[in-house]
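Working notes, beginning with the structure itself.
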Amino acid sequence: MPQQIELRNITLQAAQPLVHGVSLTLQRGRVLALVGGSGSGKSLTCAATLGILPAGVRQTAGEILADGKPVSPYALRGIKIATIMQNPRSAFNPLHTMHTHARETCLALGKPADDATLTAAIEAVGLENAARVLKLYPFEMSGGMLQRMMIAMAVLCESPFIIADEPTTDLDVVAQARILDLLESIMQKQAPGMLLVTHDMGVVARLADDVAVMSQGKIVEQGDVETLFNAPKHTVTRSLVSAHLALYGMELAS
């Protein structure tokens, strides 16, 4: 399995340019946070990595490399990169139980799909009574439960990399804390490389090792998390850090 995945000069376009020459490097055991405002190109960059661009959007330049060798995004999805989606409710088939979702995921990847394996993954993400959870349909579960089920799927994939696209969006404070605890636990136990897409600098401060800031489809600043928080350079980065510090009655040093 690869130790590094590199996005090199990814350029996306629809009727107009959307993402301009984005380059990022994911490394096993490290969390790279991709931050920026709504519409900055974060989710599109993830979609390009997985080969799931929306209709009408095409990649006009760039490549993806695994350990320095060019690779198709279709060869990465699931096997080498697991995904935790922004809206878990839309990620599950409403006609299938959680047991069917989990089992089909394992079978598609050639992983063990016995009930003991599925139960262990569900228990690992803190969902109680795994036997009952496996019988539930998506509409019978809360947003927080579905998000934890998405993380259980990522655990089952055993992929060396994870893309987590706004994993705490639209969750209450308690559910958000549980999701962050789970992501932290996965990093400690499995040491994948993680691309964490978020607009929440509190999440960045807690989980990230490195940060890339996007604005208007471009990477405007990159660095390790400590440097970026202590000495942000770009105006967008300074605005994000300042807003985060203001929550604690603090100001960014001039």
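Including glycine, each Cβ sits where the backbone N, Cα and C put it.
Feature annotations, courtesy of Swiss-Prot:
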| type | residues | note |
| --- | --- | --- |
| BINDING | GLY36, GLY37, SER38, GLY39, SER40, GLY41, LYS42, SER43 | ATP binding site |
| DOMAIN | 2-241 | domain 'ABC transporter' |
Most crowded position, judged by CB atoms within 10 A, among SER38, SER40, SER43 as binding-site residues | SER40
Taking the Cβ of GLY37 (ATP binding site) as reference, which residues of that chain separated by at least 6 in sequence fall under 8 Å from it?
-> HIS199, SER215, VAL236
For ATP, what surrounds GLY36, GLY37, SER38, GLY39, SER40, GLY41, LYS42, SER43 with a Cβ no more than 8 Å from their Cβ centroid?
-> HIS199, MET214, SER215
Have a look around GLY39 (ATP binding site) and count the other CB atoms within 10 A of its CB, chains all included.
-> 13
Within 10 angstroms of the C-beta of GLY36 (ATP binding site), the count of other C-beta atoms across all shown chains comes to 24
Quick one: give me the count of other CB atoms within 10 A of the CB of GLY41 (ATP binding site).
-> 24
Relative to the Cβ position of LYS42 (ATP binding site), how many further Cβ atoms are located within 10 Å?
-> 26
